[in-house]
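Peer 1: Submitted below is the structure of interest, expressed as structure tokens.
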Amino acid sequence: MSPCENDTPINWKRNLIVAWLGCFLTGAAFSLVMPFLPLYVEQLGVTGHSALNMWSGIVFSITFLFSAIASPFWGGLADRKGRKIMLLRSALGMGIVMVLMGLAQNIWQFLILRALLGLLGGFVPNANALIATQVPRNKSGWALGTLSTGGVSGALLGPMAGGLLADSYGLRPVFFITASVLILCFFVTLFCIREKFQPVSKKEMLHMREVVTSLKNPKLVLSLFVTTLIIQVATGSIAPILTLYVRELAGNVSNVAFISGMIASVPGVAALLSAPRLGKLGDRIGPEKILITALIFSVLLLIPMSYVQTPLQLGILRFLLGAADGALLPAVQTLLVYNSSNQIAGRIFSYNQSFRDIGNVTGPLMGAAISANYGFRAVFLVTAGVVLFNAVYSWNSLRRRRIPQISN
């Protein structure tokens, strides 16, 4: 038992702050290595333009693929053993893997370690499950929206810090620094997260069929998983072509990398500002209204992105899109809280994470395929169509049910 754990009532607000810090540290740790990932692949012996592109794409995607496979297993274990121990397992496991990545000698070792990183991940979905089971239901939207800003903040600062560290100390030391950040996350979680959890034996665990029957609305929960997948597909589809699209818009300028970095970052800044506020609004008017409105707003912003003429126009639209995106996943997570019990929260949030990871893999592939065949601008129009389908699909699923009465 950690020093923070005793018989006093759990202070969920303090747990939220500590979980936010943990999500921030893991978000930063994951994104620290992203700016130089292709350079590290090249340093490990991969040469040639096409081979470098292929291997960079594979080592990037394989983490999400294995995370999607492993998430349900870890979610089930969290429902049996508790969420805090899963947070500790994830932070420590990822820290050890990061050290090994810094010691990798060839691309195959690095590929296996990237897959292992995905297998051992799961800090964020378990943090979501922990907070969702402790926070009063009528504050779920605000709490989960606030928690989501932790990972976003870390992901925003990580690439900048990673690039500076790589330039100053070289590529391999950044992996060791990243491991140190994750070990720090482990100790913060160990000493400052409190959870009162009664372990459940394997025989007492609900099986998959029982999990489904225990849900208040199984079809709605499945539709929310699909919504999460499509949100990530839409977000990821733009990532592979953004820098090239900015270069096309900017023309012959010397600082295209800086401009691209700014435009890539502004949605995260907007989401950071909007997520807690829209989450709080969702607690008042209903997360389903926030979800549908944000999806429609996203469609209305994606379409003109296909017709912009300057990087500034694209940047403004991306900022507004980020404000809408900041409401989407917290709204989905709040609806999952409303429609499932604490007994299965670990598995529900882990299933949702699996769908999110699948979206992270398929989104960039879709964007790259569309841009290769139809040009950069077509990506935004197709993505708008995908999000519009998501809005109609979500509205159709949500209108068939009423949110249960919420109480403290």
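Including glycine, each Cβ sits where the backbone N, Cα and C put it.
According to Swiss-Prot, the record shows the following:
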type: TRANSMEM; residues: 16-36; note: transmembrane segment
type: TRANSMEM; residues: 58-78; note: transmembrane segment
type: TRANSMEM; residues: 92-112; note: transmembrane segment
type: TRANSMEM; residues: 115-135; note: transmembrane segment
type: TRANSMEM; residues: 146-166; note: transmembrane segment
type: TRANSMEM; residues: 173-193; note: transmembrane segment
type: TRANSMEM; residues: 224-244; note: transmembrane segment
type: TRANSMEM; residues: 256-276; note: transmembrane segment
type: TRANSMEM; residues: 290-310; note: transmembrane segment
type: TRANSMEM; residues: 319-339; note: transmembrane segment
type: TRANSMEM; residues: 378-398; note: transmembrane segment
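Provide an account of the burial state, proximal residues and distances for the features listed.
Peer 2: Only residues 6 or more beyond the boundaries of the transmembrane segment (58-78), in the same chain, are considered here, and those with a CB under 8 A from a CB of the stretch are 37, 41, 85-86, 89-90, 107, 110-111, 114-122, 125-126, 129, 205, 346-351, 353-355, 357-358, 360-361, 364-365.
Beyond its flanks by at least six residues, the transmembrane segment (92-112) meets 26, 29, 33, 40-41, 44-46, 55, 58-59, 62, 120-121, 123, 172-176, 178-180, 182-183, 185-186 of its own chain at Cβ-Cβ distances under 8 Å.
Using a Cβ-Cβ cut-off under 8 Å and counting only residues 6 or more beyond its ends in the same chain, the transmembrane segment (115-135) has close neighbours at 10, 12, 15-16, 19, 22-23, 26-27, 62-71, 74-75, 78, 83-84, 86-87, 89-91, 93-94, 97-98, 101, 143-144, 147, 151, 185, 193, 195, 333, 336-337, 342, 345-346, 348-350, 352-353, 357.
The list of residues near the transmembrane segment (146-166) in space but at least 6 beyond its ends in sequence, with Cβ under 8 angstroms from a Cβ of it, reads 16, 19-36, 39, 124, 127-128, 131, 173-174, 177, 261, 265, 268-269, 271-272, 275-276, 279, 326, 329-330, 333.
Remote same-chain residues near the transmembrane segment (173-193) are listed as 2-4, 14-15, 18-19, 21-22, 25-26, 28-29, 32-33, 36, 84, 87-88, 91-92, 94-96, 98-99, 101-102, 123, 130, 162, 165-166 (criterion: CB distance under 8 Å, separation of at least six residues from the stretch ends).
Long-range contacts of the transmembrane segment (256-276) within its own chain (CB-CB distance under 8 A, at least 6 residues past either end) are made by residues 142, 145-146, 148-149, 152-153, 155-156, 159, 242-243, 246-247, 250, 311, 314-315, 318-327, 330.
Under 8 Å from some Cβ of the transmembrane segment (378-398) lie the Cβ atoms of residues 219-220, 223-224, 226-227, 230-231, 233-234, 237-238, 241, 288, 291-292, 295-296, 298-299, 302-303, 305-306, 335, 366-367, 370-371, all in the same chain and six or more residues away from its ends.
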Peer 1: Sort out the residues at least 6 away from either end of the transmembrane segment (319-339), same chain, that have Cβ-Cβ distances under 8 Å to it, and list them.
Peer 2: 128, 132, 137, 140-141, 144-145, 147-149, 152, 215-217, 220-221, 224, 227-228, 231, 235, 266-275, 278-279, 282-283, 287-288, 290-291, 294-295, 297-298, 301-302, 305, 345, 348-349, 352, 356, 398, 403-404, 406
